[in-house]
Amino acid sequence: MGIAPVSETENDEAAQRLQSWIALGYNADMAWMANPKRQNIRELLPSARSVIAVGLNYYTPHQRSGDPAHGKISRYAWGRDYHRVLTKKLKALNLWLEQQVPDLQSRYYVDTGPIQEKAWAERAGLGWVGKNGNLISRDYGSWLFLGEIVTNITLQGDRPHSQHCGTCTRCLEACPTQAIVEPFVVDSNKCIAYHTIENRAEILPTAIADNLQGWVAGCDICQDVCPWNQRFAQPTDVADFDPYEGNLNPELETLANITEADWQQQFTASALRRIKPAMLRRNAQANLQ
């Protein structure tokens, strides 16, 4: 956990980077990324003075089988929906704050509002935004779910984290679709994670379909090759993030024919519910072709 003060010039550099990214069309069809509130936190809470940023480790030491008959699901979605897990914890923290501060005004988010989570986490000292666009912690690598409490309390800020990617370019070199177009800049139009999770089209672009390498839900390539993850990843103590049965090594043939009923049963409390049955079938079928 860390704290970032909200200043009058509040995160101007991050807002400018976001504007440039959107102007280049790198958000693909994720129109919500252009919400003006994302560039000014006082649009979310006019009285905002501090952001309490939190990170929750979700790494589990389980490994995929490597069998080409199996699909690959990103680690973040192996277990229980992180929105539910972390929101419950933030709600408890916010309730405690309300008990300490009678006039508390606050909003809390877990990937649920127009807030630049990684930028605020960096300012709060949790880590730095790496060349692959993920927040990297010296203690846990990039296997962190992020959340924030925006509040009207004036709190002592933590030291913003410096950047420690150095000259490393492993993530850029490993991406099969060259989605990391330059250090720290990801073009969603080329990103496997974007297309398998957010793209609602009936058919994936050829450049994506030809390079899926088994991925059906997200993609961890740029994280798996990161030296910080290889050296410092630690098993989480949150049992909710242990893989559900069928999420670690799902059979491509099964996913290619998944029904609405099967989808409802398998992904009841999973972040994978964002990927509808038709999308899962599409992703699996593209891997089988």
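The backbone N, Cα and C atoms fix where each Cβ goes, and this holds for glycine too.
Look at Swiss-Prot and you will find Asp111 tagged as active site, proton donor, backed by sequence analysis. The Cβ neighbour count for Asp111 (active site, proton donor), using a 10 Å radius and every protein chain shown, is 15.
Feature annotation from Swiss-Prot assigns [4Fe-4S] cluster 1 binding site to Cys165, Cys168, Cys171, Cys226. Under a cutoff of 8 A between CB atoms, and with a sequence separation of 6+ in the same chain, the neighbours of Cys168 ([4Fe-4S] cluster 1 binding site) are Lys131, Pro227.
Under the heading [4Fe-4S] cluster 2 binding site, Swiss-Prot lists Cys175, Cys191, Cys219, Cys222. Close to Cys175 ([4Fe-4S] cluster 2 binding site) in the fold, though at least 6 residues off in sequence, lie Ile221, Cys222, each with a CB less than 8 Å from its CB.
Sequence annotations record features per position, and here Swiss-Prot assigns domain '4Fe-4S ferredoxin-type' to 156-185. The average pLDDT for the domain '4Fe-4S ferredoxin-type' (156-185) in the predicted structure is 96.
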CB-centroid shell, 8 A cutoff, [4Fe-4S] cluster 1 site Cys165, Cys168, Cys171, Cys226, site residues removed: Gly130, Lys131, Asn132, Ile136, Thr169, Arg170, Leu172, Cys222, Val225, Pro227, Trp228
Three-class DSSP assignment, Cys168 ([4Fe-4S] cluster 1 binding site), comes back as coil
Protein Cβ atoms within 10 Å of Cys219 ([4Fe-4S] cluster 2 binding site), excluding its own: 27
Once near-sequence residues are set aside, which residues in the chain of Cys171 ([4Fe-4S] cluster 1 binding site), 6 or more away, have Cβ atoms under 8 Å from its Cβ? Gly130, Lys131, Asn132, Ile180, Ile221, Cys222, Gln223, Val225, Cys226
